[in-house]
């Protein structure tokens, strides 16, 4: 099942509240389980460059079913996914993209956030994703 527009809006509200708490301006993207943009919010003052980054973080998280920071760890020189960021018309392999997992353990979409440090981006994304679901997929053979 895909994330609904109501869920996407709730996730954006929670993410925006966390960004305000941290004193930063963010771009927040929600994609469905197919990686298609469902909702987007650009806070006043958020960088223009963060528009694309937020969307790519969300797509990366949904394409691989894991947090973008985890992909980043695997894509370092010598890593099993080295160079992966050049596939799929550009992926983002640093923190700020998180899968959204529904009550049945299925990925319904993902959130991507950009506009501050990767630590803040990740915290804001986690706040948004956690507002509507879980952030970890159950173990699958292809993820071990």
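Backbone N, Cα and C define each Cβ position, glycine as well.
Features as listed in Swiss-Prot:
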type	residues	note
BINDING	57, 114, 121	formaldehyde binding site
All-chain count of other Cβ atoms within 10 Å of residue 114 (formaldehyde binding site): 29
Listed in sequence order, residues with CB under 8 A of residue 57 (formaldehyde binding site) and six or more positions away: 29, 68, 92, 96, 97, 112, 113, 114, 121, 125
